[in-house]
Amino acid sequence: MTTPPPQLASAQNPSGDTPTWAMILGRLTTGQGLAPGQTAWAMDQIMTGTATPAQIAAFAVSMKMKRPTSAEVTELADIMLKHARRVPTDVIGTATVDIVGTGGDGANTVNLSTMAAIVVAAAGVPVVKHGNRAASSLSGGADTLEALGLRIDLGPDEVARCVAEVGIGFAFAPQFHPSYRHAGAVRREIGVPTVFNLLGPLTNPASPRAGLIGCAWADLAEVMAGVFATRGSSVLVVHGDDGLDELTTTTTSTIWRVQAGTVERLTFDPAAFGFARAHVSELTGGDAESNAASARAVLGGAKGPVRDAVVLNAAGALVAHAGLSSDAKWVPAWESGLARAKDAIDSGAAEQLLARWVRFTQQL
């Protein structure tokens, strides 16, 4: 009788032991972390359609309940990107910025990150926004952009052209992560946040090196920051202390500032920069048409709590982008970012950029 050859170690499975779902789920459901390569194996099974819906659901929920490590989430994101369609960066580069949140905060606010992205682009910083339709709220970023007249179904080359020509592009997640459809269907059926909520902000197909990344869970925001730190990104991972996955104007926010491979935790109070306290009800959104109307109003110069929150988040993204330069100072960067965000709206530049972006996508 011949002896089977020994299992060889690989980059995905450095221990050499063949992972199984029983092994992985057994560890997660007893609160144990996974060995290097095991998370990557599980995600590859999911992305290739090999995993069953029951296995996907059990993995997604138990990983979040266990609380994933940055190393585990890095493996999830890396495998997801391995299967993704990528936005070509030979022309637009990677000194771009994303403004996106995990969702799952249950607040159903207007699409602050979508409006802020337009303001940032109007301020002269190239934006590649990664987003999707609503999962738990009434309207996601994709829904609102579509209601504004944008074509959201663009492919990699077309998104790159938008960034090159207009200064902003939207990468609609299903177009770039077709292999994620297996997990996406299960995620919608489960209806509660899972570890997969963390992956959208970590898998932008244009690999922007800067970002304002909102996280609805304070304990997982630090995990996300750790992933960005391994990439050498300049990112502000933010969690409103009212629970929002944005920089909030209702109270303070906690910021994990990622720069040059390090993570620094800070408390940020918008009142220090002259912002009035808002009530979360003043930031509440509606369906896509309602949120599109709010966006048109803010970009058209309407004052009030929604504008304040948009300016604050746009400034945060500009601060993150400034952090790509090692000599960026915190307070001066905020002062500059706030001034640029306000001017982008008040000068009409943001409103004009949206109109130009819509026209450009319709002509592609």
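Cβ coordinates are placed from backbone N, Cα and C, and glycine is handled just like the others.
Non-local contacts of ASN132 (anthranilate 1 binding site) by the CB criterion (under 8 A, 6+ apart in sequence, same chain) comprise GLY140, GLY141, ALA142, PHE172, ALA173, PRO174, GLY200. Per Swiss-Prot, the feature anthranilate 1 binding site maps to GLY101, ASN132; the stated evidence is sequence analysis.
Taking all protein chains in view, 24 other C-beta atoms sit within 10 angstroms of the C-beta of THR109 (5-phospho-alpha-D-ribose 1-diphosphate binding site). Look at Swiss-Prot and you will find GLY101, 104-105, THR109, 111-114, 129-137, GLY141 tagged as 5-phospho-alpha-D-ribose 1-diphosphate binding site, backed by sequence analysis.
Long-range Cβ contacts of GLU246 (Mg(2+) 1 binding site) within its own chain (separation 6+, distance under 8 Å): GLY101, THR109, LEU112, SER113, GLY214, VAL238, GLY240, ALA309, ASN313. Residues or ranges marked as Mg(2+) 1 binding site in Swiss-Prot: SER113, GLU246.
Sequence annotations record features per position, and here Swiss-Prot assigns anthranilate 2 binding site to ARG187 based on sequence analysis. Sequence-distant contacts of ARG187 (anthranilate 2 binding site), defined by Cβ-Cβ distance under 8 angstroms and a gap of at least six in the same chain, are ALA60, ALA135, THR194, PHE196. Annotation note: ARG187 (anthranilate 2 binding site) sits in a helical segment as assigned by DSSP.
Per Swiss-Prot, Mg(2+) 2 binding site is recorded for ASP245, GLU246, and the stated evidence type is sequence analysis.
For the binding-site residues given as HIS130, ARG133, the lowest number of other CB atoms within 10 Å of the residue's CB is seen at ARG133.
For ASP245 (Mg(2+) 2 binding site), the same-chain residues that are 6 or more apart in sequence and have a Cβ closer than 8 Å to its Cβ are GLY101, THR102, GLY103, GLY104, ASP105, GLY214, CYS215, ALA216, VAL238, HIS239. Residue density at GLY101 (anthranilate 1 binding site): 26 other Cβ atoms are found within 10 A of its Cβ, drawing on all protein chains shown.
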